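Dropping a structure here in structure tokens format, bear with me for questions.
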Amino acid sequence: MLEKIKTMYNPVPGMAPEKIGPTVGQNIGKISLPSTTLHFFDLGGQRDIRSIWPKYYDECHAVVFVLDACDQARLSETWEVFDEVLNSPRLLNLPLLLLANKQDSPSSLSVAEIRESFDAWQRARSNRLKEEEADKITNKGKEKGKEPIRTAEDAAKAAAEAAADGPAGTASEAGAEPGSPLEAQTWDDGGAKDERMASLDVMGASALEGTGVRDAVNWLYIRVQNARKM
Ligand SMILES: Nc1nc2c(ncn2[C@@H]2O[C@H](COP(=O)(O)OP(=O)(O)OP(=O)(O)O)[C@@H](O)[C@H]2O)c(=O)[nH]1
Ligand SMILES: [Mg+2]
């Protein structure tokens, strides 16, 4: 994608698609636009390379997450990685674009299908977390049920414990253990994540044919200009 951007915007063309191998570390590039120069850091997407991404978060002004819209088998992995980026506290206030690449291919998912796929993945995860939470509460109840109440003193203690636990299924039960996935789920960010989801920008492009590339660069140009005015 970055090489195509260079070819379209710079006098010296970027590398031809057939010569591009997987990005090891970073690939950099810049393009000049009216009153702005955009500097790009193209970071490799392979598992081992993803650990370097956060090193760039403090320096960047916008993020474009490029996904392979043909690779349906890896979409679930893609959403896990994307969700982490989406929820990175250091990126929370930055413009974020989800760019569905390979739109030239007949097997590519459309922008609408990509959005739907991510929504479905999020719904499934949320249901899974709720089930885990319900199981936890049920198991806890069973444990308690096992304890024989022998004396009046024991009965009073059991009643006090039950009262302290609060009604089953309330937020007091959810994600009680620090560091659990539930805790991440219930982390209060003042609704910033919901807002981000509602305003998530998704676009389609083809790095091979160049369709959608100018729209994506314009998106970046506008966001970076706006950020500068603030
Ligand atoms: N049909 C089609 N193929 C593409 C397009 N963009 C990239 N490819 C092909 O997809 C393969 C992977 O492309 P890369 O550009 O290396 O993918 P990448 O996302 O940068 O991968 P990493 O650098 O490992 O993160 C190559 O065979 C490319 O030729 C596209 O827009 N359409
Ligand atoms: Mg690459």
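For all residues, glycine too, the Cβ spot is worked out from N, Cα and C.
Feature list, courtesy of TrEMBL:
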type: BINDING; residues: Thr23; note: Mg(2+) binding site
type: BINDING; residues: Gly45, Asn101, Lys102, Gln103, Asp104; note: GTP binding site
type: COMPBIAS; residues: 129-156; note: compositional bias 'Basic and acidic residues'
type: REGION; residues: 129-195; note: region 'Disordered'
type: COMPBIAS; residues: 157-174; note: compositional bias 'Low complexity'
Using Cβ-Cβ distances, find the residues under 8 Å from Lys102 (GTP binding site) that belong to the same chain and are at least 6 apart in sequence, listing them in sequence order.
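Set apart from Lys102 (GTP binding site) by at least 6 residues yet with Cβ under 8 Å, we have Asp68, Ala69, Cys70, Ser108, Ser206, Ala207, Leu208.
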For Asp104 (GTP binding site) and Thr23 (Mg(2+) binding site), what Cα-Cα distance in Å is obtained after rounding to a whole number?
22
Where's the emptiest Cβ shell within 10 Å among the binding-site residues Thr23, Asn101, Gln103?
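With the binding-site residues Thr23, Asn101, Gln103, fewest surrounding Cβ atoms within 10 Å: Thr23.
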Around the Cβ of Asp104 (GTP binding site), how many other Cβ atoms lie within 10 Å? Please give the count over every shown protein chain.
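There are 16 such Cβ atoms around Asp104 (GTP binding site).
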I need the CA-to-CA distance for Gln103 (GTP binding site) versus Thr23 (Mg(2+) binding site), whole Å please.
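About 21 Å separate the Cα atoms of these two residues.
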Could you list, ordered by sequence, which of these binding-site residues: Asn101, Lys102, Gln103, Asp104, have a Cβ under 6 Å from ligand 2?
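Cβ under 6 Å from ligand 2: none.
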